[in-house]
Amino acid sequence: MEIFQAAILGIIEGLTEFLPISSTGHLIVVSDWLGIEQTKQNTAFEVIIQVAAILAIFSHYKEKFSLQHLRLWNNVLIAFLPIAIIGFIFQDTVKAFFTIETVAWFFIIGGLIFLIMEKLYVDGKHRTQDIEDLTMRQAFWIGIIQVFALIPGTSRAGASIVGGVMMGLDRKTAAEFSFLLALPVLMAASGLDLLKHYEDFNNTSWTPLMVGFLMAFLAAWLTIKVFIKFLQTFTFNAFGVYRIVFGIVLLIWFV
């Protein structure tokens, strides 16, 4: 992998991991556009840039890592368990769905869901406005809905945000809980991939790895910061439209 390719993929990972637009879908598409083959070494690279995104969350929410926030992390764990169990059992079945056509259609379906969600969204004090105030019931159902993120093109962030809004969270709180929920999900996925591909790092050039890692961290850190500010003023409609347009482009271009 060339350095400029590593930089682009790092930026794509950082920009899309926490937005409701499917980081996996974008990495598949951009890798194809750049002519990057799915080798074991390149799979190992994707693990590294995902670790960078994880560190960006730690950097943003470091004040949450204390015993006084134990209730919050209990809810994160509850929401994590469904996708952990289902993902582990059906991981081979899920991999069979990784095609451009599947990604494209679920981009479109996800976009329509966001537009419908916003059409039905009613703001107000009845909505949970702080991640510390989530109930175990809300966390559980967010976790159940997040399971749909196993389908390529759905988006983990997208599924958990939709779940949050459906369970009564306001937009900002749904996004923030999605960020924290990404920690155990990404750590589990990255940990498994590291165990599978650790030998492949011996045949990987370290310069592209370092460049990709740095770009992913910076892009993810900035995305989290800007996204939260964005949701204080705007809705998810733009993401719904983007997903539909991107999905249609994929169908025309690749299928």
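Including glycine, each Cβ sits where the backbone N, Cα and C put it.
If you look up Swiss-Prot, you'll see 1-21 (among others) marked as transmembrane segment, on the strength of sequence analysis.
Taken from Swiss-Prot, the feature transmembrane segment applies to 41-61 (among others).
The transmembrane segment feature in Swiss-Prot is assigned to 70-90 (among others).
For 97-117 (among others), the entry in Swiss-Prot reads transmembrane segment, with the evidence type sequence analysis.
The transmembrane segment annotation in Swiss-Prot covers 139-159 (among others).
Taken from Swiss-Prot, the feature transmembrane segment covers 175-195 (among others).
Sequence-remote contacts of a segment are chain residues at least 6 beyond its ends whose Cβ falls under 8 Å from one of its Cβ atoms, and for the transmembrane segment (208-228) they are 1-3, 5-7, 9-15, 17-19, 45, 48-53, 55-57, 59-60, 172, 175-176, 179. The transmembrane segment annotation in Swiss-Prot covers 208-228 (among others).
Look at Swiss-Prot and you will find 234-254 (among others) tagged as transmembrane segment. The list of residues near the transmembrane segment (234-254) in space but at least 6 beyond its ends in sequence, with Cβ under 8 angstroms from a Cβ of it, reads 19-21, 29, 32, 100-101, 103-108, 110-115, 117-118, 121, 153, 158, 161, 171.
Counting C-beta pairs under 8 angstroms (sequence separation of 6 or more), the transmembrane segment (1-21) reaches the transmembrane segment (175-195) with 3 or more such pairs. Of the ranges 97-117, 139-159, 175-195, the one with the most Cβ pairs under 8 Å to the transmembrane segment (41-61) is 175-195.
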